[in-house]
Amino acid sequence: MKLTVNLKENSYPIYIENGILTKSGEYISRIFNGQKIMVISDDNVFPLYGQKITDSLTSAAGHNYECHSLVLPHGEPTKNFQSLPKIYEAMLEAKLTRSDLVIALGGGVIGDLAGFAASSYLRGIKLVQIPTSLLAQVDSSVGGKVAVDLPQGKNLVGAFYQPKMVLIDPEVLDTLPDHFIKDGMGEVIKYGCIKDSNLFCRLCSHSSFEDLKPELPEIIARCVDIKRIVVEEDQFDTGERMLLNFGHTLAHTIEQYYNYERESHGEAVGIGMYQITRMAEEKKLTAPGCADRIQQALKIYGLPSSCGLPVSALTEAISLDKKNLNGHLNVVLLKEIGNSYVYPTDISFFGFSENGQENI
Ligand SMILES: NC(=O)c1ccc[n+]([C@@H]2O[C@H](COP(=O)([O-])OP(=O)(O)OC[C@H]3O[C@@H](n4cnc5c(N)ncnc54)[C@H](O)[C@@H]3O)[C@@H](O)[C@H]2O)c1
Ligand SMILES: O=C(O)C(=O)C[C@@H](O)[C@H](O)[C@H](O)COP(=O)(O)O
Ligand SMILES: [Zn+2]
């Protein structure tokens, strides 16, 4: 299946196909006529799929690609400012020029980090995303947000930098540990909440991920298509795109609070979606019953809906939310499941000024 993200000169194709990894050379050769390719990956993913990709690249007909690789430690702490010099050094050592290409092979951590390195090295060299986690396949590989975390907050240094192509191979999810399948399901549930009540109901009609698994390629395609439509309308996150941030104001504060080592992104998004919807229902800004339905969906896919944190501990991180413009905080709320909106408010939305101690 092929989808195209239409962004004028920044347009690109997304291919979703079982086994596409072994054909990556053929696909990439359609858009890349340069010489050098650097595959950036992590130490879980590269041993599983690195060779397949490099074999496919080096045997691409009519090209004589020179392949380099850089393998980084896995996990969120790698999506850090300190990883960048290592990447730039490897790029310099390989003598990558502006006519060369970076492939981000991995989950969202590698996609965001390698993507940011590609956006900044020589003021930008070509990027192809080959996402290998469910989260990266449904979300992070599409739309061009690339970034690293700072101790003060998530994704605080980054860019909008669209890839030239995205290759999604659902088969690689067979090796993805359960914990990270759950993480991806957090973002899948998000798409149902913000844009597609049928998708949400479909997710709730299953009893576990195993039950949903046969439908996964279709679900991935639906999520990617929702993201494509939103990004085409608002590439630079000034309005409509904020909807993709549903649950993220609290999610990012939770991740930062625990130094990116406790709640993973998908878990934190699940907590964030449930908790903000609960707060919005109390304020009559969301139809009653939505928070319960979100909690039920999270439970089916093994995701938590709370982590016990006092919200009062989070004011600083919330103020660094990228939807906070000129001191006016925008939060994303649901009118009902499948229908979301941006609500301009301020930090008192989270209740700590009146109630003192709200736990999430
Ligand atoms: N740019 C965006 O639009 C966007 C969207 C959503 C999330 N994100 C970011 O994505 C990151 C989370 O991504 P993630 O959940 O993919 O985490 P991740 O990249 O850490 O991957 C999760 C784990 O799975 C392993 N892994 C990945 N694919 C595998 C496979 N096929 N087989 C075996 N192991 C595999 C990785 O090595 C890692 O240990 C966060 O930093 C989040 O902020 C970005
Ligand atoms: O693509 C977007 O836009 C999103 O908000 C998708 C989110 O799932 C993702 O976590 C994103 O990285 C958050 O962006 P940020 O601008 O809040 O850092
Ligand atoms: Zn996210």
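Placement of Cβ uses the backbone N, Cα and C atoms for every residue, glycine included.
Annotated NAD(+) binding site per TrEMBL: G108, V109, I110, G111, D112, T132, S133, K145, K154, in sequence order. Under the heading Zn(2+) binding site, TrEMBL lists E187, H248, H265. Residues or ranges marked as domain '3-dehydroquinate synthase N-terminal' by TrEMBL: 70-180. The feature domain '3-dehydroquinate synthase C-terminal' is assigned by TrEMBL to 184-324.
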**Item:** Surrounding CB atoms that lie within 10 Å of the CB of E187 (Zn(2+) binding site), all protein chains
**Value:** 26
**Request:** Take the Cβ of K154 (NAD(+) binding site) and count every other Cβ within 10 Å, whichever protein chain it belongs to.
**Result:** 26
**Asked** Quick one: what's DSSP say for H265 (Zn(2+) binding site), helix, strand or coil?
**Response** helix
**Prompt:** Within 8 Å of the Cβ centroid of the Zn(2+) site residues E187, H248, H265, which other residues of the same chain have their Cβ?
**Reply:** L135, D139, G186, K190, G247, A251, G266, A268, V269, G272
**Item:** Secondary structure content, the domain '3-dehydroquinate synthase N-terminal' (70-180) (per DSSP, counts of residues)
**Value:** 46 helix, 34 strand, 31 coil
**Fill in**
Taking every pair from G108, V109, I110, G111, D112, T132, S133, K145, K154 (the record's NAD(+) binders), the biggest C-alpha distance in Å rounds to 21
**Request:** According to DSSP, folded down to helix, strand and coil, what is E187 (Zn(2+) binding site)?
**Result:** helix
**Fill in**
By Cα geometry, the one of the binding-site residues (E187, H248, H265) nearest I110 (NAD(+) binding site) is H265
